[in-house]
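Presented below is the structure to which this report refers.
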Ligand code: ATP
Ligand code: MG
């Protein structure tokens, strides 16, 4: 058993000692069987949420309505979800009600793909009622049960299917694929936030080119905000090395570079992304074509944005000047304004003037004077420089 599971063994033991069943489930079991890195583990149990809360001393109601209780155990937080079935699906997304149950098999039955419907017990045994291991051996993604019904219950599963194609370099089993072809329109019912989560994971997958091909084949473009009729954008993405993007922010930036929307902010807002990410990407987009940077431009733009621009360049061209630029940035006399050895109050005192627009203006010129080596970043040199500038302008 991998260390990450071993560490969680006491959690399962406690549940079992209290008379309940408990298993590792979901992506962690799948990834372990595939020999892939396991990021976080999910635990499923026959104990109902209230029962889970009685067994552990530190618990948090993270998603209690869905049966998920977080517990703190040996310094880690684990999510424990009660076995459940899902009631009727009136609107092609999320069930109308979840019903807690005591049966593992029924819980596995509601899961999306066979490879995600395998449980692992404390004894290391796998419970795999739908042949997930066989499908994985065949590199196939197969819906649990009738794919048509499963995509009607929750259309996001189609997006997840394509995301797993990208991450695992598997193919979609024939009937699963056909059901997607016939039901792709149901994606219009899915909240954009949920699509975004899958989309960005898809973009970071090793077989992203195959997945991008599927997006076109399955006519998914109209359900991705800002992508309607954007086949050219997909082709650009296909021609780049998306795997080197790494983080979400760079990935979204690269997506923006492929789509070239008229209004970057509006494009990213349509995906309901965090404001901070929108701001960073919009800033980088304005500088995307910049190749040569003066010291002052490096300073004023900031390392984060310059890195973003250069990472995107790496994705697009397999070349980047980031190593050089980073070295130059680190060698600047100051990396941020907070390092300047004089405050606004100091400057007002030296200038013998009250605050006002002049101060902001002067601070900007002070940055530049320090960055360009005109003066050193010391109280005395800054004081001399301020007096000189004030006299000149008087
Ligand atoms: P990742 O490695 O990216 O976390 P994952 O398969 O663990 O992939 P999660 O979103 O963490 O994905 O979901 C955990 C498990 O819950 C899945 O493995 C699957 O069994 C089940 N699941 C998640 N989303 C759905 C869904 N929309 N429909 C059915 N089952 C789902
Ligand atoms: Mg997971």
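Quick reminder: no glycine exception, Cβ is built from N, Cα and C everywhere.
TrEMBL labels come from automatic prediction, so no person has curated them.
Owing to the predicted nature of the structure, the values given are computational and were not obtained by experimental measurement.
Under 8 Å, Cβ to Cβ, and six or more positions away along its own chain, residue 111 (ATP binding site) finds 25, 26, 117, 144. According to DSSP, residue 111 (ATP binding site) is assigned to coil rather than to any helix or strand. The feature ATP binding site is assigned by TrEMBL to 27, 30, 111, 154, 157, 160, 163.
In sequence order, 38, 39, 42, 116 make up the list of same-chain residues 6 or more apart from residue 27 (ATP binding site) whose Cβ falls under 8 Å from its Cβ. Per TrEMBL, CTP binding site is recorded for 27, 30, 111, 154, 157, 160, 163.
TrEMBL lists 40, 42 with the feature Mg(2+) binding site.
If you look up TrEMBL, you'll see 22-142 marked as domain 'Poly A polymerase head'. On the 0 to 100 pLDDT scale, the domain 'Poly A polymerase head' (22-142) averages 93 in this prediction.
Residues or ranges marked as domain 'tRNA nucleotidyltransferase/poly(A) polymerase RNA and SrmB- binding' by TrEMBL: 169-228.
Annotated domain 'CCA-adding enzyme C-terminal' per TrEMBL: 248-385, in sequence order.
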Could you give me the DSSP helix, strand and coil counts for the domain 'Poly A polymerase head' (22-142)? 32 helix, 39 strand, 50 coil
When you tally the Cβ atoms that lie within 10 Å of each candidate's Cβ, which of the binding-site residues (40, 42, 154) has the highest tally? 154
Those binding-site residues, 27, 30, 157: which ones have a Cβ sitting under 6 Å from ligand 2? 27
Sequence-distant neighbours of residue 30 (ATP binding site) in its chain (C-beta under 8 A, six or more apart): 115, 116, 118, 132, 136
In angstrom units, rounded to an integer, how far apart are the Cα atoms of residue 40 (Mg(2+) binding site) and residue 160 (ATP binding site)? 18
Helix, strand, coil residue numbers for the domain 'tRNA nucleotidyltransferase/poly(A) polymerase RNA and SrmB- binding' (169-228) per DSSP? 41 helix, 2 strand, 17 coil
